[in-house]
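K.L.:
Structure below; questions to follow.
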Amino acid sequence: MPEPQSGLPSPCPRDPLFRPDSHMDVQGYRWVCWKVWFCRLAAVLTLGLLLILFHWRPRLAVLARCSSCPLALADVLLLRDGFGQQYVVQVLTEEVADNSMELLGDQEDSEWRDTVQLHKEEKMLLRYYLFEGLRYVWLARKGAFCRVSVLNEDWTCSDLHSFQNGLSPLEQSSRRHIYGPNLIDVPVKSYMRLLVEEVLNPFYVFQVFSITLWMVDKYYYYASCIFLISVLSISISLYEIHKQSTTLRNMAQLITNVTVRRSSGEEECISSVELVPGDCLVIPQEGLLLPCDAALLAGECMVNESMLTGESVPVLKTPLPASEGRYSSDSERRHTLFCGTQLIQAKGRGTGGTGAIAVVTSTGFFTAKGDLISSILYPQPINFRFYRDAAKFLLFLGFVALIGTIYSFIVLRRSNATVLELVIRTLDIVTIVVPPALPAAITTGTIYAQRRLKRQGVFCISPPRINVCGKISLFCFDKTGTLTEEGLDVWGVMEVGPTGFSELVSEPRLLPRGPMLYGLACCHTVALLGGQPLGDPLELKMIESTGWELHEPEGDQTELDSAFGGYRVLAVMRPPAQQLQAEGTCPGEAMAIIRRFPFSSALQRMSVVTVAPGGHPALAFIKGSPEMVASLCLKETVPAQFSSILRTFASDGFRVLALGHKTLDGKMDLKTVERGAIERDMQFLGLLVMKNLVKPESAGVINTLRLAQLRTVMVTGDNILTAVNVAKSCGMVGSDDRVIFVHATPHTAQSMPTLRFHLGEGGATAAAGSVEVITQGLYQNGFAYHLAINGKSFAALCDHFPEYLPKVLMRATVYARMAPDQKTQLVKELQKLNYRVGMCGDGANDCGALRAADVGVSLSEAEASVASPFTSKSDNISCVPLLIREGRCSLVTSFSLFRYMALYSLIQFCSVLILYTMKTNLGDLQFLFFDMFLVTLLAILMGTGGPSEELYPRRPPASLLALPVLGSLLIHTSMIVLGQLAALFVTISQDWYIPLNSTKSGAENLPNMEDTCVFALSGFQYIIMAIVVTKGYPHKKPLYHNVAFFCVLLVLLALMSWLVLYPGPVIGKLLQLYNISDMNFKMLLVALAALNLLVCFLFEVLIDVGILNFIYWLRGTRPSKKQYKRLDVSLSDSPSWPPLNQPLPSTQWTVIGVS
């Protein structure tokens, strides 16, 4: 009998290479021999400087050594990603046996043959490259390098089932050549390589240049100290990088032995490194830590996915149905086992053994765990104005350095300085004005904030996003498990009777034996682990309320299967013994679950198939959202008062689920029946009413955010009325605010798409007069109304009413019945309005939205998850204000440090230019004292200040080029220059002043009066600027709360006063200070410094209160650059919007109809 064909289907036409989220512009280049040798010669002649330039700009290295060519012939590729960043990768080749190509199937075979026809050799060559851990292979028919995962992206569910027989060793070997090893390999570089790369960093190259220059200029002490500090800094950096890489590698790399099934029927134990897509994986009963992504084909698995989703509750995975639909791990999450997740137990494999059977779908970095590691290793660049402006500001300082260089050149030229002195002095200006530590200094605030967050139980895998937290303007919250308690209490059951709904039964165990009781007991995915039930808290409460007990088969279950008609039994539900005795039934009577179709957020339902002893009757039960279940039931079985009863419970904040059932046809094959055949033509059973309490912290947090003028939005999969009730309970919707429901319908064969707004109280039945009165008063008190919309209407709104979408987004507070992909879409639409969006959820159904948001917070026990950049161990939303406060504190600190480092450079810049003019300069130890004992100490401690306890309504600025920042820098620089010049002129005006000996220049003139007075005032200015730019209220605690910084300020002020008033002969000689005996003059210098502090502090306060705003007034008011602010103004000026109870047609369809 021939083996089943297991070739790879043709690549999906929607190649992920060309998708927006992974778009890469690829250009091919070939080595040119003479260019390569020319560059080598140039590198020698430039003493390696050309190689450093090539290291910084790899694109230049490619252009200099290569010539452009078609991709098919390329040796080197130049990649440009969607963010404009460029990378250079080598094209690799690997010899592959000819028969390996034949195993790829007809279409792939021809495709790969096209590939190798470029190489007229006996050996077949596979051409590929590696980028960020992912393998891209050359597909000639596409004329492009594509992700290797494209070869299995078009697999259908039935294709995966065909792999259940396993691959032959030859097939497995050929695929391993193509897909590569199943490894998430985090590169851990050697210390020597790290050292070379670190030293070639522009920061350290600049340091080497500066140290060399200072040594030539005879600043031996200063240069030596900076050298030692740089060596220490590099050593610490290398150790931390190596340690982090090793830790990440240990977390990422998972090599274990697994059992796979071969096409011969035998089972073989191999290393997980050898796994390839298509391998049939045998999962043992005790489970394992999964080393790949796999689709479950037979049996059930209980999985802990906390690493992946942040959800601590184990999830039950069920077999993938053998349909012809295209397989996707996102849409088939309930049937997919993800890499890195812990399989707690496996069962129900069927004949031939215990455990479960799965087929490998993804390996290496293409897995879910690979995605997590990739997001840590290669984070996407953050589009944040602060980081963009920092680079621009460095260019500005470079321009200032150029002006200073020209000025110093002119001054020194006039003083007949030698050529060497001219070169040294002018280059020295550059090392002063552009501080190499500036980029490192602005990250200090983020590092301190990250440490504080970690102590509070909030973990971050993307530190730059901490600053983004400070600019959040809107926060989305999931409902269940986030705003409300995870657990639910059963409130009661309303069963359908002949005349409609019966009275509410508060104890489901008191229900008579029948379909409703059976449905409550059996319609779940709860499993046992060590005798303890595990599963959704809702389902655990539901089973507990019935009193029924869950039993699972153990060991050889042949006898149990035969007792229930020969069906494979997954679980058995037995009624309580006392109930059996009371009803006089046989104690052995029970219900066996033989098929499970787990809950899906997209489908809003789950279902099971059960049989009684003997295999008959076979009953199907469905449980899910009332609207969905009612739509799948026969209309005559749904009571007329269904909508009103549901509205009543939902409005009171209850969580409502509906149940249905039907007896299955005896001819139906229950082992292979598809979900669609089960979940239709059901009979409506009734409603399960559960109370979902709002967490005690939720209302306080929402109120805190509201007072800080941060907009809050609820995004949930629950009923819209329940969501509105919770929104009112937690304060998102005020008690006096109106709720207006948005109802949009798509185009159908019978009707055009329509959009309607109706009031929550009274809705469409409200009197016309009252509607008019309410409409007129919507904007009397700001946000007097909130829009609420469900998933179906949101989809119709996006598709047919895009012109109204921004307006709805501006006023909608409640989004209900939202599928996971709709949550992601909502976040992206809000970002299009220029909102900085935060998202907080439990991680399970919110992964897409959490990652799409500017700041995603997952409530989880895990320290890091693929779900979001932030993970909080607290089970409530109290971490959100904390995160925003820390973000604002970090942003303000980054601003303060940036301004301080810039002002430090400008202070020294002014001092040096003034002293150059006077033919002198600061001494070696004077530079050392300023940079080490003053500036470095203050900069390190400046960032230790914690955040304010309250959230201020105004957010901190994010632009370094904003008028207040540039204005304050200009004013402070002016005060610095005036202060130093005043000190110099006061010194010159003294009777005892002795002019400088003009026959010498630079530090050789030390000590002298000019240098001493400039040293005195500039020393105070370093401390003054630290006081002035260190912002406290409202985003940080006042300066005196930062005890270490405050104490150091006092000590340094005292030290500078001592150095000015009475340095003593030893210190004076050491620092090369002139011994001025006039105490009145010294007191005058201290008073001048005090005046400098007073004036700068006063100007800073005036700038903070908006004294520079008159410039905005002069240019006239301009509309905000943020779209949501312009929309808010527009809506506030439109009191007739939204029009209540008036159907609005789609303009798209109107245009089509007219044309």
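Glycine residues also receive a Cβ, built from the backbone N, Cα and C atoms like all the rest.
Grabbed the feature section from TrEMBL, which reads as follows:
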type	residues	note
DOMAIN	21-138	domain 'P5B-type ATPase N-terminal'
TRANSMEM	34-56	transmembrane segment
DOMAIN	156-213	domain 'Cation-transporting P-type ATPase N-terminal'
TRANSMEM	199-215	transmembrane segment
TRANSMEM	221-241	transmembrane segment
DOMAIN	256-375	domain 'P-type ATPase A'
TRANSMEM	393-412	transmembrane segment
TRANSMEM	432-449	transmembrane segment
TRANSMEM	897-916	transmembrane segment
TRANSMEM	928-948	transmembrane segment
TRANSMEM	960-988	transmembrane segment
TRANSMEM	1014-1033	transmembrane segment
TRANSMEM	1040-1061	transmembrane segment
TRANSMEM	1081-1114	transmembrane segment
K.L.:
Any residues 6+ beyond the ends of the transmembrane segment (1014-1033) with a Cβ under 8 Å from its own?
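P.N.:
Distant contacts of the transmembrane segment (1014-1033): 892, 895-896, 899-900, 903-904, 907-908, 910-911, 914-915, 922, 926, 929-930, 934-935, 938, 942, 945, 948, 972, 976, 979-980, 982-984, 1039, 1041-1042, 1045, 1049, 1052-1053, 1056, 1059-1060, 1071, 1073, 1085-1086, 1088-1089, 1092-1093, 1096-1097, 1100.
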K.L.:
Pull the DSSP breakdown for the domain 'Cation-transporting P-type ATPase N-terminal' (156-213) and write it out as helix, strand, coil residue counts.
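P.N.:
Across the domain 'Cation-transporting P-type ATPase N-terminal' (156-213), DSSP assigns the residues as follows: 41 helix, 2 strand, 15 coil.
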K.L.:
Based on Cβ pairs under 8 Å, which of the stretches 221-241, 393-412, 928-948, 960-988, 1081-1114 lies most in contact with the transmembrane segment (199-215)?
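P.N.:
It is 221-241, which has the most Cβ pairs under 8 Å.
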K.L.:
With pairs 6 or more apart in sequence, are the transmembrane segment (928-948) and the transmembrane segment (1040-1061) linked by at least 3 Cβ pairs under 8 Å?
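P.N.:
Per Cβ check, the transmembrane segment (928-948) touches the transmembrane segment (1040-1061).
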K.L.:
Between the transmembrane segment (960-988) and the transmembrane segment (34-56), are there three or more C-beta pairs closer than 8 Å, counting only pairs 6 or more apart along the chain?
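P.N.:
The transmembrane segment (34-56) and the transmembrane segment (960-988): touching, no.
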K.L.:
Would you list the DSSP helix, strand and coil counts for the residues of the domain 'P-type ATPase A' (256-375)?
P.N.:
21 helix, 46 strand, 53 coil
K.L.:
Is the transmembrane segment (34-56) packed against any residues at least 6 beyond its ends, judged by a Cβ distance under 8 Å, and which are they?
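P.N.:
Same-chain contacts beyond the flanks: 64-67, 200, 202, 205.
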K.L.:
Report, as numbers and ranges, which residues of the same chain sit near the transmembrane segment (1081-1114): CB under 8 Å and 6 or more residues beyond its ends.
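P.N.:
Sequence-distant neighbours of the transmembrane segment (1081-1114): 963-964, 967-968, 971-972, 975-976, 979, 982-983, 986-987, 990, 1013, 1016-1017, 1020-1021, 1024-1025, 1027-1029, 1056-1057, 1060-1061.
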K.L.:
Restricting to the same chain and to residues at least six past its boundaries, which positions have a Cβ under 8 Å from a Cβ of the transmembrane segment (897-916)?
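P.N.:
Residues 390, 393, 397, 400-401, 404, 407-408, 411-412, 425, 428-429, 432-435, 437-438, 441-442, 444-445, 922, 930, 935, 938-939, 942-943, 960, 965, 968-969, 972-973, 976-977, 980-981, 984, 1010-1011, 1014-1015, 1018, 1021-1022, 1025-1026, 1029-1030 contact the transmembrane segment (897-916) from elsewhere in the chain.
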K.L.:
On the 0 to 100 pLDDT scale, where does the domain 'Cation-transporting P-type ATPase N-terminal' (156-213) sit on average?
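P.N.:
Here the predicted model's pLDDT, averaged over the domain 'Cation-transporting P-type ATPase N-terminal' (156-213), is 85.
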